[in-house]
């Protein structure tokens with residue numbers, strides 16, 4: 001972002017910092033020490049300003065970067081303060097702070113998700129976090145607005161917030177990367193075009209993660225088409241275990257549980273062992289064969305098998321489109337909830353006998369699904385961020401046929417993006433028909 005674009009707001013930023021320092025000087029108690037300093041205003045091709053405070057409140061001169069020097073992500077407001085707490089006053093029960101990077105951080109989904117993360121709802125009431133928010137030049141003002149709201153919310157577990165537009169800065173040392181940002185499919189855009197446009201975004205983000213993120217970073221890809229975007233991302237991050245990459249199919253799982261509960265006349269917490277197989281598209285396979293209601297097989301509880309085979313899957317696929325008709329926009333809050341659910345499924349032990357759905361790397365899978373894909377399958381976790389595939393599932397011809405169709409689609413998407421995964425020239429022979437979910441067009 002050019003300096004000229006940020007200059008009008010700099011004095012306002014400085015004034016805010018001066019006011020903050022004045023307020024702090026009168027309110028800080030003796031037992032907490034703050035190291036406060038006014039940082040020079042860096043100028044670079046990546047742009048940005050830094051905000052902090054110092055007792056003398058002298059504006060620093062504009063710093064001109066050396067050739068090749070790059071900017072850093074911006075700490076924001078109160079999060080620019082350096083805390084120096086006495087050892088005996090530190091919270092003894094808190095865990096070591098974890099760093100979470102979020103792309104598309106100025107969007108509606110993130111606007112719901114970030115506050116769940118900051119509140120402790122996702123990682124727990126004893127887990128402090130640092131949020132690193134990735135936006136674009138166009139969304140940078142909105143990104144500052146998000147940071148302001150986080151600042152005003154006074155979350156004790158939120159210890160640091162930084163904002164920026166360069167993934168190589170924002171992904172530095174990230175232990176979780178929630179990749180939400182992607183271009184939506186516009187009018188007249190072919191599916192192959194969307195695969196290419198968003199694939200380039202996730203190829204670049206994969207390279208950035210590979211270069212600067214934690215070697216054990218956990219990555220959840222939300223931007224669509226999420227399965228193939230996750231595959232592209234992991235192929236561009238060879239230093240990170242492929243097993244650490246997930247495509248989000250949890251919203252599909254949650255929707256399937258809701259519809260089964262409605263049909264059975266029970267509350268949705270009675271539905272377990274729900275699997276979404278395959279692609280996050282209209283070829284997805286909500287598995288009612290292995291799912292249970294109150295511990296019993298779904299087909300035992302719901303006698304209307306025609307409904308299960310002919311209507312149930314279509315209802316899940318069309319749920320997003322139905323929401324748009326009512327709400328006027330695609331789902332944001334429920335998507336944020338599903339991201340939170342997906343993370344919680346990895347950081348808390350899976351209840352005995354249950355499992356959850358996630359689109360993960362297929363190498364070594366026990367189901368006979370083609371390898372080298374990102375395919376939604378049933379998983380269990382011990383709560384350590386890792387997972388294992390569930391082996392004790394059953395298949396019938398109906399389920400296998402539909403899984404095969406989704407597999408063929410993902411193989412075609414892989415061929416269509418071969419130029420982004422280092423596997424040669426792309427050949428787009430996508431199956432006939434439009435399989436994008438109605439809520440994502």
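Numbers here mean position along the shown chain, with the first residue as 1.
Placement of Cβ uses the backbone N, Cα and C atoms for every residue, glycine included.
Annotated substrate binding in Swiss-Prot involves 191, 224, 255 plus, out of the candidates 185, 215, the residue 185. Per Swiss-Prot, the NADP(+) site holds 104, 105, 106, 107, 108, 109, 110, 222, 223, 224; the candidate it also names there, chosen from 198, 239, 244, 254, is 198.
The most crowded of the recorded positions listed here (75, 80, 106, 416) is 106, judged by how many other CB atoms sit within 10 Å of its own CB.
For the binding-site residues 106, 108, 224, a Cα-Cα cutoff of 10 angstroms around residue 75 (disulfide bond) retains nothing. Checking each of the recorded positions 80, 205, 416 against residue 108 (NADP(+) binding site) by C-alpha distance, the shortest gap belongs to 205. Recorded residues residue 222 (NADP(+) binding site) and residue 280 (active site, proton acceptor) have their alpha carbons 10 Å apart, per Cα-Cα distance. In this view, residue 222 (NADP(+) binding site) is surrounded by 30 other Cβ atoms within 10 Å of its Cβ, with every protein chain counted.
Residue with the densest Cβ environment among the recorded positions 185, 191, 255, 280: 280, by other Cβ atoms within 10 Å.
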